[in-house]
Each structure stands twice: as C-alpha cells, then as structure tokens.
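Copied over from TrEMBL, here are the features:
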REPEAT    64-105  repeat 'WD'
REPEAT    106-140  repeat 'WD'
REPEAT    148-189  repeat 'WD'
REPEAT    190-231  repeat 'WD'
REPEAT    232-273  repeat 'WD'
REPEAT    274-315  repeat 'WD'
Amino acid sequence: MSTKDKATQQLAEAYLVILSKYLFDIMFNVVTKRHVLSKTERKKGESNFGELASIIKYFKLLKLFKAYSSVKSAKFSPDGSTIAAACEDRPIQLWNVEKGNELKYLSGHSDWITKVHFSSDGKMLVSSSWDEHVILWKLSLKNPAIKLKGHSQAVTGVQFSPDDNIIASCSRDGTIRIWDVDSEREIKKLVGHSGFISDVSFSHNGQMIVSASYDKTIAIWIVHSGEMIWHLQRHSDWVQAAKFSPDGRMVVSSSWDKTIRVWDLKTGKEVLILRGHLQWVTDAQFSPDGQTIVSGSADKTIRLWDSKTGQEIQTLEGHSKGVNEVTYSQMDTLSCRPRPMEESDCGDRFGLYLSYFNFKIICCCCCVNDA
C-alpha cells in the first residue's frame, strides 16, 4: 500500500471515529431524553420527538445543605441568591445559595412552620405556623418579626400578592384572611369552605385568589370584593393545593384522590385529569410559560406533564421521602419539600439540583432526607 493510500485510510478511519462518536452522542441523548433542539424547533416548540422534547430531563445534584432539623418549607429569594428554609424546631434559616453558608436565622414562631414566601423585592418574608400566627419579617430591621393575629387554628398557607401590598393566609379554621402590609392589620375575611383550607395562592395579576380545601373543593375569589365566583367540585378526596396558570385562565389542583385536575375559569369546567401518581398528590403548578405542569406526591416522585394534552413527560425518582411542595421562583427555580406524615418521616437536609427546563437553567431545591 502506497503512502498516499495509507494516509487516505488513516483519514477515513479518523472520520469513522468522529462519526461513531457523533452517532453515540445522538443515541445517548435519545436514551436520556436530552435532545437539543435547533433554533427553528425551539421557536416552534416541536421536533421529531414531539412535544416531549420541549423539556430536557437531566438533573444533577449541586449542593446539600444541613438544616437544624426537619425542613417543612423552602423558598428561593426572587434573585435566586438566598434560600429561606423553615424547620421543625421553629427557626427559619436563610442560606447563601452560591457559598452554601447560613446567613442568619429567624426565631418567632412557637410551633411548626407550614409555609414561607418572599416578597417580590426580597426585602420581606412571610411565614405561617401551627401556632395560629402569620409573621411578617422585614429583613432589614434589627427586630424584623411582626405577628399578624386573627386565625383561631393552625395557619396552613400564606403568600404575598404580586405587588407586595397585601398578604393572604389560610387556616384550619376554614377562613382566608387578607392582611394589609403597611398597616399590618387584617382587612378582609373570606368564608365559604366547609372544611379546613390547605392552600391559598394569588393570580399573577393579583386580582384573584384560589383556595384548596379538605371539603374536596377549590374556590376562586375576587380579591377586592371578597366574592367567591367559582366553587369547583370534582375531586373525590381532600384537595391539597391549587395554583393559577400564568395567564390566569386556568387553575391546576392536586388531591388525595391521586389526581391532578386542570380547570377552565371561563366556564368553570374541568378540562384535564392527570393520572400517574401512586399516592396522594401534594402539590402541582404550571411552569412560567404555562406549557408544563410539575407535581409532587407522597409516592416520592416529581412528575412533569404537558399542560395541553395531559400526557406525562417525565418522572423524577430517587427520593426516600414523599415530596410535599413544588414551586417556581421568579428566576425560573424549582423547589420542593417533604410531606409532613410523621415527625420521624421528615428530612433535615435539602439539596440543590441543576437542570435544563424549557431551555433555561433551573435550580431545584429538594428538602428530602435522602442521606
């Protein structure tokens, strides 16, 4: 064989190696469902893999934080730099996400904290607790805790309005209370559920509130009037959570009946039923673009669903405890926390996971004791 022929053969072999590696990468991406779409496909939201390819399904553990005790709730600050973690033994810990160190802790509640939520500017935090109180934390103050008293039983949920002017809280006493942030006083009480209320959330324009109840219903309220405009009834067991879609036209609810339901607020009709979780569904909510629903369950999984077809896109497994909450921050972050079944069943660690989701990098804070 001539020198030229040998060179040609070597070049061909080199090209074959490159081609083999390229084909392997393609097959690897197919198997792991990490298909990278072209710019045209991204714009159209379509590919040969169908709508399932609009979500890249790869999670990598970045950090593991050790809290004082079992973590009940965790939220990212709006800029994604801080995590507020509510612990079983009552302090709220604030962590620096990048460095992984504790910044400070906030003490004020006398019983388990059920939820925490940052204001949109990150300067305030609000928390709810089994001690029947809501605490408004003005983080720049030396003594930041301001107790909001009114509920007569455990407060199960709390959230700032999008403009940070008011706070909504819900309770096992069957009421929703609206609080004015400036005056630090209750300005409205909403009554309509026949069982205790498990979740409350504002629409993205702040004009409506959705509540979930153990009376097996979801209610939609007008904030300024306190009027209930929809009382949605199709779940066969307790409703654990309910959230609006980004455009405010739909609501997604999760229930102990193991289903997730999507409701059209123009008609009040149920339009989708998502089935797949093996135990009660603790939480569900729309992605920021409204195209995907993410859910958590006592079956220890997080699931992703197509919000238009109801098709399950992916199941994330591996947790040793049930997932109790899934939420997106304004910086496209996702957090989840363990369900409070028993004292010994709650985790005291939470980890940060990195993923690509609808072509954006996402941090996932999972407060589950997998260690």
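The backbone N, Cα and C atoms fix where each Cβ goes, glycine too.
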Proximity verdict for the repeat 'WD' (148-189) and the repeat 'WD' (232-273), three or more C-beta pairs under 8 Å
no
Confidence summary (mean pLDDT) of the repeat 'WD' (190-231)
97
Composition by DSSP (helix, strand, coil) of residues within the repeat 'WD' (274-315)
0 helix, 23 strand, 19 coil
Which bits of the chain, at least 6 residues beyond where the repeat 'WD' (106-140) starts or stops, bring a Cβ under 8 A of a Cβ in it?
72-79, 82, 84-88, 90-92, 94, 146-149, 151-160, 162-164, 167, 169, 171, 177, 179, 181, 184, 330, 340
